[in-house]
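Taken straight from Swiss-Prot:
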type     : residues : note
LIPID    : GLY2     : N-myristoyl glycine
LIPID    : CYS3     : S-palmitoyl cysteine
MOD_RES  : THR19    : phosphothreonine
MOD_RES  : TYR28    : phosphotyrosine
MOD_RES  : TYR332   : phosphotyrosine
MOD_RES  : TYR341   : phosphotyrosine
ACT_SITE : ASP392   : active site, proton acceptor
MOD_RES  : TYR422   : phosphotyrosine
MOD_RES  : TYR533   : phosphotyrosine
Amino acid sequence: MGCIKSKEDKGPAIKYRNTPEPVSVSHYGAEPTQATPWPSSSGWGTAFNFSSLSMTGFGGSSGVTPFGGASSSFSVVPSPYPAGLTGGVTIFVALYDYEARTTEDLSFKGGERFQIINNTEGDWWEARSIATGKNGYIPSNYVAPADSIAAEEWYFGKMGRKDAERLLLNPGNQRGIFLVRESETTKGAYSLSIRDWDEIRGDNVKHYKIRKLDNGGYYITTRAQFDTLQKLVKHSTEHADGLCHKLTTVCPTVKPQTQGLAKDAWEIPRESLRLEVKLGQGCFGEVWMGTWNGTTKVAIKTLKLGTMMPEAFLQEAQIMKKLRHDKLVPLYAVVSEEPIYIVTEFMSKGSLLDFLKEGDGKYLKLPQLVDMAAQIADGMAYIERMNYIHRDLRAANILVGENLVCKIADFGLARLIEDNEYTARQGAKFPIKWTAPEAALYGRFTIKSDVWSFGILQTELTTKGRVPYPGMVNREVLEQVERGYRMPCPQGCPESLHELMNLCWKKDPDERPTFEYIQSFLEDYFTAAEPQYQPGENL
């Protein structure tokens, strides 16, 4: 967790599932039960959760500031499962192997079948293994109803076009590898996504709409209709029949992160955590790689005494844990007595800032950097929909995983910091260079001030981690920005991308784009804005 040091004081961030559209409730209202969203997914788990996704910390060389913030409203997703799944009458099948983490969990193998005894707990269901007869808790995102489409290995549920392309284009995948997902545009329809190759585009992904007939059948072209989706897929593995290539193998996936560490593992005892490898430190604490309960690798943020009030932290953490999106680092558990510990998903690649400056990010070209920006915009568009605010969006607070997957960290806590050097907003610990002028000068933090910060983050990406406003101290940045100064286009950066940055830096917050627009712009960047892009020396 770290801080920004100004010059004045000499001191130096595989499967996919989106969260369904929420139902709004009061930001500080009673905490509702929230189940893992389904059946908008395959039951394969939450999205793009590579098991080795990285976690960095607060500071170290990257100067990470600790956290984000909140606005006045928040939304949650109600349980999509009917109450009728109680009584042990519904059969579910395991999609992955799972090793028990506590004495109340069940270990199981993929393909094992269960009777669901009680699903009212949301993320962890009480179940009975049909094979062993044992009862225990299982993670609900590791199972799907037996004999359903969701139980098929090729079904990836509610996944966007861009995320399907990211998965299929991963290194090592071959032509003909495929997946099936929900259609983004047509309710009740599906999309078949196939990796292809041609001389003009090289490796690419083709998408085909699978439509449903009134009588329940499925088709891509009307001349070939099938009773079930399974029969359509099987036929397409044997005959291209108008597709770019016949289907070869299912796109590989890695089992997802569970929602939380275990049943009722939210406020946990300090003794259940073992701190093993220190990953970084900053003004407000440290971050460690560690183990929970002797079984589960996690990241642990330890806060210095007095950083924030435990009661305020716990209240905010209850809200933060409800924010679930594949581009946000999930909050697993807390130690709520000082010194406060925050337990999150462990991510191995480090912060985006360190990755760009010292890791493999140094060698990335513009397409990869724009895709990373699009992923961050995807996560921020979710925060935007949920009426939340980050407050500290920058490369130091973005975490990088395998295959360049990005997740947003440290959202929801910046407004809780008690340190005078931070709360003054112009103190040495405050990230002035990333903060919109109305927020830095008057404390007006909104999602539009996050948009400003995203524009600054784009300069970090295109300059491989250079500090914004090079050669300028914090006070000078504030004065110059108020007078209308904006950073020039980084060397090698296309002007069309710099134009997006300038939109993010509009003086009037209402004139700045939404994250939904930014995500769309970046995802289609090389087809709409820069179709003639050619790699340069740096970008």
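Note that Cβ sites are derived from N, Cα and C of the backbone, with glycine treated the same way.
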Residue, out of the modified residues TYR332, TYR341, TYR533, whose Cβ gathers the largest set of other Cβ atoms within 10 Å: TYR332
Three-state secondary structure, TYR533 (phosphotyrosine) (per DSSP): coil
Using Cα positions only, nearest of the recorded positions to TYR332 (phosphotyrosine) (TYR341, ASP392, TYR533): TYR341
Alpha-carbon spacing, TYR341 (phosphotyrosine) to TYR533 (phosphotyrosine), which is rounded to whole Å: 46
DSSP state at ASP392 (active site, proton acceptor), helix/strand/coil: coil
Other CB atoms within 10 A, centred on ASP392 (active site, proton acceptor): 30
